[in-house]
Amino acid sequence: MASRLSLLVLAASATLMMITSTAAQLQYGYYNTTCPGVEDLVREELLAMFAADMTLPAGLLRLHFHDCFGAGCDAALLLKSHNGTAQRDADPNSTVRGYEAIDAVKAKVEAACPLVVSCADILAMAARDAVNFTQGPAYQVETGRRDGNVSRKEDAERFLPPADGNVTVLTQYFAAQNLSAKDMIVLSAAHTIGAAHCPSFSKRLYNNSGAGDQDPAMDPAYAKNLTAACPAGNVASVQPLDPVSPNRFDLGYYKSVANRTALLGSDAALLDDSLSFAYVQLMTNDSYLDTFFADFAVSMINMGRISVRTGADGEIRDTCAVYVD
């Protein structure tokens, strides 16, 4: 872990310079003249998919996050490798899903506006629409990204935050992307929808400190239910990240954290830091829902600026999931 964090520190200054120079070129309504109505087209296609699969919104939100953190918001995560060396082949991306949905949307967009709209921008729009479909905020998305044509497995392994990281570790991973501690606390609440496979949290149940123990920070009744649902060695089963309201984008995540029923160690860790603890406690009050929605929109926009490619950098490809080798 120490070596990974040192690499993050070295990468942070370079990332900051890239963000400063390229994010300014993103804008709202970038496609207003070159592909009018594209955001409505993307939304219409996705709404039909969401209606057929209620788990897809969480998948697409996670897809955008993993793409941005992997090596910038350039759709490199969508690229494939015959040799298993692309970002999607990395262990942290082994359960990422939604690729086919993005491919289908891209095909519709290409039929309307060939070689105009990037896969990276479609990912950003899809994440926004996923949040809104699950009763979360509707916010504007900056567009103008171009797609990368390099996808390295090691980038995902180096830059994606660990599921068991504490607040110090998580803050460093976010800082390496020029995101603040508040961005980390707010974007963690993307876990208000979706589920995680048992290996993501089984250490908390069976070997928390390496001595065959259970995480004492976990509510005992909740832990008992999880051990029944995820026996040791189970790799296929999934559990909701937010047991309060798993399919609704709301304050249930923060209520779960406050009640010690957070699924992942990284979520439970928010109670161990004074700043994150204060925000969690504040967001257990339903009267702050609009505040959370506003904060989340701002942090998503911030995340969407990570190492973007604009202008002559990158490409617009007609298919998102092409092979790089």
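Glycine is treated like the rest: Cβ placed from N, Cα and C.
Annotation comment: TrEMBL describes His66 as active site, proton acceptor.
The Cβ of Pro161 (substrate binding site) lies under 8 Å from the Cβ of Phe69, Val169, Leu170, Tyr173, Phe174, Ser266, each of these being in the same chain and 6 or more residues away along the sequence. Under the heading substrate binding site, TrEMBL lists Pro161.
The heme b binding site feature in TrEMBL is assigned to His191.
All protein chains shown were included, and the count of other CB atoms within 10 Å of the CB of Asp250 (Ca(2+) 2 binding site) stands at 21. Per TrEMBL, Ca(2+) 2 binding site is recorded for Thr192, Asp242, Asp250.
Look at TrEMBL and you will find Cys35-Cys113 (among others) tagged as disulfide bond. Residue density at Cys35 (disulfide bond): 18 other Cβ atoms are found within 10 A of its Cβ, drawing on all protein chains shown.
The local packing around Cys73 (disulfide bond), expressed as other Cβ atoms within 10 Å of its Cβ over all shown chains, amounts to 30. Residues annotated as disulfide bond in TrEMBL: Cys68-Cys73 (among others).
Residues or ranges marked as disulfide bond by TrEMBL: Cys119-Cys320 (among others).
Counting only residues at least six positions away in the same chain, the Cβ atoms of Cys198, Phe201, Ser202, Leu205, Ser237, Gln239 sit under 8 Å from the Cβ of Cys230 (disulfide bond). For Cys198-Cys230 (among others), the entry in TrEMBL reads disulfide bond.
Annotated domain 'Plant heme peroxidase family profile' per TrEMBL: 25-324, in sequence order.
If you take the C-beta of Cys113 (disulfide bond) and look for same-chain residues 6 or more apart in sequence within under 8 angstroms, you find Tyr31, Thr34, Cys35, Val38. Among the recorded positions Cys68, Cys119, His191, Cys320, the ones whose Cα sits within 10 Å of the Cα of Asp242 (Ca(2+) 2 binding site) are His191, in sequence order. Here the C-alpha separation of Cys68 (disulfide bond) and Cys119 (disulfide bond) works out to 12 Å.
Apart from the site residues Thr192, Asp242, Asp250, the chain places the Cβ of Ala189, His191, Ile193, Val244, Ser245, Pro246, Arg248, Phe249, Leu251, Gly252, Tyr253, Tyr254, Ser256 no farther than 8 Å from the centroid of the site's Cβ atoms, the recorded Ca(2+) 2 location. Spatially, by CA atoms, the recorded positions His66, Cys73, Cys119, His191 include one closest to Asp250 (Ca(2+) 2 binding site), and that is His191.
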